[in-house]
Every structure is written in C-alpha cells, then in structure tokens.
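Written below as structure tokens is the structure these notes are about.
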C-alpha cells in the first residue's frame with residue numbers, strides 16, 4: 001500500500017512572506033544604483049539609428065567602425081572663464097563629449113572657481129557618486145545626509161586632497177582662497193545628471209505654485225515671487 005504524502009499547511013502570513021520575497025527577487029535587477037554593466041567591449045554612441053542597436057539611451061555604432069576619436073577628448077587643461085553669478089564653471093566630459101563612454105558607467109568634469117567665493121552651488125547627481133580632487137586653490141566642500149538627520153559633513157581641501165560625495169546627496173564646493181581654484185571629479189555614470197537645488201525650486205518651468213513654496217520654506221509670498229523672478233545660473 002502506497003504511503004500518503006503529507007503536504008505542510010501554509011498559513012496566510014507565510015504565503016504573504018513568500019509573495020513579497022518573490023516580488024523583491026524579481027525587482028532586484030532593476031534596483032542597481034549605478035549604470036548597468038556592459039555586455040560587450042564597448043558601445044560607441046551615435047545619433048543615427050540606421051544599422052544600430054539602442055543601448056543605455058544611445059544608439060551603438062558597429063564596433064568594427066569604432067575609431068580612436070570615439071574615446072578621446074582634449075582641452076581639460078584650459079582654464080575656463082568664471083565670470084558668472086556663482087563664480088564657477090563646470091566642463092563636463094560625459095557620453096555627450098566622448099561617445100565611447102556609452103555603457104561604461106563613468107564620466108569626468110573639470111570645475112573652475114573664481115577667487116574669493118567662487119561657488120559650485122548645492123546640487124545633486126541623481127545617477128552617480130562623485131570623487132573630487134583639488135588641483136589648485138583651497139575649497140570648502142560638503143554634503144548633507146538624507147532625512148531625518150540632515151547632517152552636514154564638510155572639509156577644507158587643499159591641492160592633492162580628495163573628497164567623495166555619495167550618490168544622490170546634496171553637495172557643494174566653495175572657494176575660500178584668494179586665488180583661482182581648479183578641481184577634477186570622476187562620476188560613476190556615463191550621464192550622471194545634475195539638479196541644482198535653487199534652480200529646481202525657484203527656477204522651474206513652469207514655476208511651482210508660490211503657495212507651495214511659501215508653506216515649504218515659511219517665507220512671505222512676495223519673497224517667493226521675487227526669487228522666482230530671478231535668473232538662476234545653471235552649471236552643467
């Protein structure tokens with residue numbers, strides 16, 4: 001006589017746990033905090049979709065047609081004019097400047113700061129961690145941790161010093177020296193994106209309803225409207 005097989009009883013709570021576990025397992029491939037790893041040596045970005053494959057937001061050139069120029073950029077040794085309202089200029093080198101960066105998950109910037117207060121205003125990179133090295137000058141840098149701590153972490157940097165800004169956190173650099181300052185930064189995305197806080201809040205298009213900002217910042221409505229009427233300088 002065949003033995004009966006006992007099937008364990010699954011409670012509703014256990015079933016819910018299994019369902020949640022399965023959903024998290026299915027979602028995990030989409031939860032990476034940086035660009036996905038490439039599945040080929042390189043994918044040189046092109047704008048022409050003819051005979052190309054769409055990967056990471058760009059069409060890829062046939063690898064056999066890739067050339068040195070696709071992986072090259074020149075000019076980061078050249079000082080950039082910082083005569084603007086914030087006293088700094090960012091020169092990006094991302095997939096828009098070097099098509100060969102497509103799918104490689106890395107990019108670079110040069111930042112020039114005017115003397116006596118050149119500022120790279122509080123901003124965030126939604127898709128990248130940033131590591132910055134000072135080449136010239138003295139910079140006061142920092143970032144703010146997320147809610148609810150909102151802890152400010154700062155450091156004064158000198159030539160040769162390196163500082164890291166974690167992905168997504170608001171950060172800044174401020175020239176506290178009397179001479180020009182220069183820094184270079186690498187970012188963990190081919191296209192890290194940038195959101196300058198004051199531009200996003202007071203310079204959005206169309207403008208945010210002033211009542212929202214009055215309540216959020218506890219400001220007078222006329223002050224909010226005045227801030228929204230200003231031209232906000234946007235570094236890349």
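The backbone N, Cα and C atoms fix where each Cβ goes, and this holds for glycine too.
According to TrEMBL, the feature oxalate binding site maps to 120, 125, 130. In sequence order, 86, 88, 90, 111, 113, 172, 173, 174, 235 make up the list of same-chain residues 6 or more apart from residue 120 (oxalate binding site) whose Cβ falls under 8 Å from its Cβ.
On its own chain, residue 130 (oxalate binding site) has 164, 165, 171, 185, 186, 187, 188, 192 as residues at least 6 apart in sequence with a Cβ closer than 8 Å to its own Cβ. TrEMBL lists 123, 125, 130, 171 with the feature Mn(2+) binding site.
Summarising the environment of residue 60 (disulfide bond), the number of other Cβ atoms within 10 Å of its Cβ, over all protein chains shown, is 20. The annotation disulfide bond is assigned in TrEMBL to 43-60.
Taken from TrEMBL, the feature domain 'Cupin type-1' covers 74-225.
Sequence annotations record features per position, and here TrEMBL assigns signal peptide to 1-33.
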Inter-residue C-alpha distance, residue 123 (Mn(2+) binding site) and residue 60 (disulfide bond) (nearest angstrom): 31
Cβ neighbour count within 10 Å of residue 123 (Mn(2+) binding site): 21
Rounded to the nearest Å - Cα separation of residue 125 (oxalate binding site) and residue 43 (disulfide bond): 23
Residues close to oxalate site centre defined by 120, 125, 130, Cβ within 8 Å: 109, 123, 124, 128, 132, 165, 171, 185, 187, 192, 194
C-beta crowding around residue 125 (oxalate binding site), within 10 angstroms: 23
